[in-house]
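Undergrad: What follows is a structure written as structure tokens; I'll ask about it next.
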Amino acid sequence: MLQTLQSSQHSGSSTSLASTKVCSSMDETDGPGEEVLDEGFQVPASIAERYKVGRTIGDGNFAIVKECIERSTGREYALKIIKKSKCRGKEHMIQNEVSILRRVKHPNIVLLIEEMDMPTELYLVMELVKGGDLFDAITSTNKYTERDASGMLYNLASAIKYLHTLNIVHRDIKPENLLVYEHQDGSKSLKLGDFGLATIVDGPLYTVCGTPTYVAPEIIAETGYGLKVDIWAAGVITYILLCGFPPFR
């Protein structure tokens, strides 16, 4: 059981987000036009005429994530709405996350479809992953067989290997940021999301960041670290999948 595994950023979305609710619904038969959402979010007509915005599926410190449907194709996506007034002084973090998302394209990483920069908000249309996250899956299952765990770790290792070939370190790999993708044939795979702490590695890093349960010793020691800290986090997740609880408590 994972009662000791906790995170203040736990949500069903792939990003760290802010507490807000939506007043529109995917079931409404509304046509194109400006959509007004709670907490002062107002979707511009230029976006509303292309996407029908629905319920909130994630929230956090400076943004919300909502379901949306592309009107021309009927395809479902996740719309991340970042309110710029709530992230003053942290603009570089947002810019860094978006620049990395633009670069990465891999079947085990949540895909950025497009971005729309407005005066007061930044809108990111992203791949919608409906199967929840690995945290919820672990807490409901307790632990996995070696076969099931190996399949999940193969997905995670593939994503990490791809990122590291680009010299990108994620720095926040944990079950909450691994989303369960359900394929049409009933099979499932994992997709890595939330690139808020990801960065390019061009030398030793010294910033202490991440989630304590999954943080590698060299991050805490402040002796300089690099890509390998993601491997440590993957090892912790492997232990949790097989044992049902974290190795360090």
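Each residue, glycine too, has its Cβ placed from N, Cα and C.
Grabbed the feature section from TrEMBL, which reads as follows:
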BINDING   Lys84  ATP binding site
COMPBIAS  1-20  compositional bias 'Low complexity'
COMPBIAS  27-36  compositional bias 'Acidic residues'
DOMAIN    51-249  domain 'Protein kinase'
REGION    1-36  region 'Disordered'
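Help me picture these features in the structure, burial and contacts included.
TA: The local packing around Lys84 (ATP binding site), expressed as other Cβ atoms within 10 Å of its Cβ over all shown chains, amounts to 17.
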Undergrad: For Lys84 (ATP binding site), which of the three DSSP-derived states applies: helix, strand, or coil?
TA: helix
